[in-house]
Every structure is written in C-alpha cells, then in structure tokens.
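Data block below; observations after.
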C-alpha cells in the first residue's frame with residue numbers, strides 16, 4: 001500500500017435501524033444479519049439516544065432522518081424547527097410577525113384569500129397540526145377567508161389516522177367560524193421528492209383548478225377511501241369544496257421540513273419550471289414556513305439558524321478530502337442536512353448520488369439501490385484519497401415505512417450483505433468504520449393491537465466501532481471502548497478524535513471514545529440482530 005495513501009474514516013448510517021429487545025414485530029431481530037451480529041459481538045459498541053431532547057425535539061418526540069443527520073453533522077443539540085415554531089405560537093410572537101402582518105394587510109386590501117398547504121399530521125416530522133391551528137387562528141382574527149389544502153400522512157402516523165385528524169380540524173374551523181378544507185391529497189402525491197413529477201402534478205392541479213366539491217366532510221371522504229383499501233399516504237388528490245389558489249391570493253406551505261416540500265413549491269413559484277406544463281399564477285404571494293431551498297422565489301417565515309464549525313466544515317478547513325454518498329431518497333440527508341442546511345459542498349467535499357428505484361413503494365424493491373451505493377463507495381475508497389466518507393443505507397427506513405414485515409426483513413438482510421463488502425474495502429485501506437443509525441423504525445413493524453406501524457420510534461440506535469490498522473485511536477493503546485449514555489450529538493466529536501482533529505467549541509457533544517482501562521464494567525446489551 002502506498003504510504004501516502006489515505007486510510008479513511010467511514011461513517012455508515014443505517015437509516016431507521018433501531019434497537020429493541022422485544023421480538024414481536026421486530027424485523028431487525030427477525031432478519032439474518034451475520035455481519036452486524038459478528039461486529040456487535042467482537043467490537044466496541046454502545047446505544048445512542050436519537051429522539052426527543054437528545055436531538056432538539058420535545059420530550060418523547062420520535063426522531064427522524066432530517067433531525068438525525070443534522071445532529072450528526074453539527075456535533076451539538078440543535079433546537080429543531082418543530083420547537084421553534086411551537087414556541088412562537090405559544091408565546092404569541094407568531095401573531096406579531098411582520099411578514100404575516102404585511103401579507104394579511106395586503107390580502108384585506110385586494111380581497112385575496114389565504115391558502116394553507118401542508119401535512120395535516122400529529123407526527124411532528126414534516127409538520128404539526130398544531131401549527132396549522134395557530135395559522136388558522138391568525139387568519140380568523142384578520143378576517144381573511146382561509147382554505148386548507150390538506151396533505152394526509154400515514155407514514156409518520158398510523159395508516160388510517162387521517163380521518164380522525166381531519167374531523168378534529170373541521171371542528172376547529174367551525175369553532176373559528178372561518179375557513180374550509182378545500183382539497184385532500186396523500187403525501188405520496190403532494191410530497192414526492194424523487195422527481196416523479198406526475199405525482200406532483202396531480203396535487204398541484206387539484207389545488208389550482210376549481211370545480212365542484214364532493215359535498216361530504218373530509219372525514220367521510222377519508223372513510224370512503226379506506227373502504228377502497230387506500231390509506232392516508234395514498235389518498236388521491238380530491239376536491240372537497242371550491243377554493244382553488246387564484247391570482248392575488250397568498251399561500252403558506254406550513255411544512256417545516258424542506259425535502260418533501262420542494263417539488264410542489266417549485267411548481268407554484270419557479271418561472272423556468274419544467275417538471276410538467278402549467279401556467280404560472282400571477283400576483284401570488286408564496287410563503288414557506290422554513291427555507292426549503294436557497295434560491296426559491298418565496299418569502300420565508302422562520303429563517304435558517306446559522307451553524308458554524310460543522311463536521312464537514314472542520315474537515316474541509318483541515319485540508320482533507322471527504323465524500324458523501326447515498327441514493328436519491330437519502331441524498332439530501334448526507335449533504336444538505338448533514339451540512340446544517342447548506343446547499344453547497346465544502347471545499348474538498350465530493351458527492352455521489354445513486355438513483356433510487358422508480359417503484360410505487362419500496363416493498364416492491366426492498367434491495368433499493370444498496371448494492372450500487374456499495375459499489376460506488378468501494379470504488380471511491382480504493383482511490384485512497386478521502387479522509388472522511390459519509391454513507392447512508394436507506395433500506396431499513398424506506399421499506400420499514402411501507403409496513404411490509406417480510407420486505408423489511410429482506411431490506412435489512414440486503415444492507416447486512418452490503419455492509420460486509422464495504423467493511424472489507426475499508427479494512428483493506430486500513431481505515432476505521434463507525435456504524436450507527438439516525439433513528440428507529442424497522443425494529444417496530446406493528447403496534448400492540450397487531451396493526452401495521454409505519455412511523456419512526458423513540459428507541460435508541462446501535463453504534464459500533466471497527467478500528468482499522470492505519471486509523472488506531474490516539475491515546476487508547478489499541479484498546480478502546482465506547483461509553484454509554486451517548487447521543488447523536490456525540491458522533492461528530494468522535495469522528496474528529498479518530499481523525500486527529502481538534503473539536504471546535506461550538507460542538508458541545510462529547511466523544512464516545514474512552515480507553516479500555518477507564519471503562520466501568522457494565523451489563524452488555526443484547527445483540528443487534530438475531
């Protein structure tokens with residue numbers, strides 16, 4: 001091996017691979033995962049908290065991929081948008097926001113209407129229904145007609161929870177005496193992020209083309225779709241009442257997570273949009289709850305938080321090269337989210353995007369593109385030029401979301417086989433690998449009543465360190481342990497220690513590494529897999 005070649009430090013993120021002792025509904029324990037099982041038995045390991053306050057969310061709130069990757073890359077607990085927005089509503093500062101005050105004033109002057117587009121869900125991953133309630137209260141106080149274009153969930157919530165949520169929303173609208181639910185659309189259509197423009201087009205057209213309504217309540221329409229075996233995620237775009245977005249109106253997209261809100265927003269606002277043919281609505285005021293993309297011609301209600309000295313930035317400033325690699329479904333997570341919401345790569349940061357399979361749901365292709373991601377990563381590692389490699393395997397999360405137990409087992413087994421190949425390449429390069437997950441999912445596939453569980457969980461996630469010959473941990477004498485009570489915020493400091501780089505003061509996480517002689521003997525957790 002060339003003495004000048006680089007021995008990489010590789011961060012492998014098993015998206016949605018949570019830890020849970022119980023066997024019932026646990027695809028992780030049901031899957032044959034000999035690689036991970038042997039690693040857990042032979043190498044330093046621990047469990048990390050990946051939900052709630054450990055990642056800047058309310059206590060008891062399940063983690064998610066965006067929050068997980070942001071925390072991993074930041075090396076600190078970052079107050080999440082869910083908390084920022086909820087606090088603004090609770091304190092009343094949202095109702096005094098200058099942007100909202102100006103928009104309400106303009107709508108009153110020109111007789112415009114206020115449209116609220118977003119995921120009507122209690123999941124707290126992309127949005128929260130309480131935020132919509134706050135916005136509807138604002139519109140009612142300003143005496144501006146409100147129209148809700150409800151996107152139904154079924155992924156971060158139970159598959160048939162939408163009827164209950166929308167029935168409560170209709171009661172809230174009646175109590176306010178202002179507003180109607182104009183349209184429904186499952187997130188499968190309205191929140192696609194894989195450039196399946198035919199889905200986005202159906203959602204866009206139901207929101208912008210007027211016509212007669214169904215003459216039924218939202219809950220009644222949902223129950224009718226349930227009878228056709230269509231769950232919340234897959235509700236076809238449907239008009240409940242006249243109320244299309246028109247020139248002179250205002251739209252507020254109240255999702256706070258950007259990745260699944262971008263395509264629909266682009267269709268509304270981009271003059272050079274090419275996803276499908278549509279007229280650009282003139283004189284339309286478009287507001288997004290958070291910044292979805294740096295150059296979108298929209299107004300942003302909650303501006304991005306400025307985070308400095310992120311992991312990628314520290315590695316870049318040290319003059320080291322790094323690589324981010326994932327398939328389409330998780331590409332934004334290892335790039336945009338991992339970099340703290342920064343679109344552009346840092347100097348010396350290369351990126352590889354592998355196309356996800358073009359299927360309706362990923363239980364139809366549980367292998368997804370894991371093999372291709374692994375092939376590309378092995379090729380890159382063989383070049384011996386990257387000091388840090390960040391790789392995401394999407395399968396456990398994306399297939400777990402389908403609720404298909406057998407397909408999720410196949411997804412996990414695929415990842416395990418790919419991990420074996422990847423580790424062989426890292427070992428050959430003398431590198432060190434840190435394997436972990438960003439949140440739970442696949443370890444819980446049905447609830448206590450036997451119904452499919454398609455959401456994330458609050459369970460901890462496994463973390464395994466595979467130390468390489470040319471990346472021995474400084475100061476540990478070749479014998480290192482991972483401490484307990486860690487969180488995702490501790491991962492970036494850990495990687496910096498392995499790389500031999502100083503931890504910046506902005507990173508408040510603590511390295512998970514400790515010499516074996518300083519480790520207090522503790523009960524070992526049970527294995528990751530079978």
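Quick reminder: no glycine exception, Cβ is built from N, Cα and C everywhere.
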Report task. Select one of 115, 126, 128: the residue that Swiss-Prot places in the substrate site alongside 155, 156, 187, 193, 257, 258, 259, 260, 330. Result -> 126
Query raised in the report: Which of 38, 65, 484 does Swiss-Prot put in the same Mn(2+) 2 site as 15, 438, 439?
Result: 65
Query raised in the report: Which one is closest to residue 260 (substrate binding site) in space, judged by CA to CA distance, out of the binding-site residues 65, 397, 456?
Result: 65
Query raised in the report: Sequence gap of 6 or more, C-beta under 8 Å: which same-chain residues meet both conditions with respect to residue 126 (substrate binding site)?
Result: 119, 156, 191, 255, 256, 257, 260, 261
Report task. List the residues of the same chain that sit at least 6 positions away from residue 397 (Mn(2+) 1 binding site) in sequence and have their Cβ under 8 Å from its Cβ, in sequence order, or write 'none'. Result -> 15, 16, 65, 330, 439, 441, 442, 456
Query - Secondary structure of residue 401 (Mn(2+) 1 binding site) (DSSP, helix/strand/coil) - result: coil
Query raised in the report: In whole Å, how far is residue 438 (Mn(2+) 2 binding site) from residue 401 (Mn(2+) 1 binding site) when you measure between their Cα atoms?
Result: 15
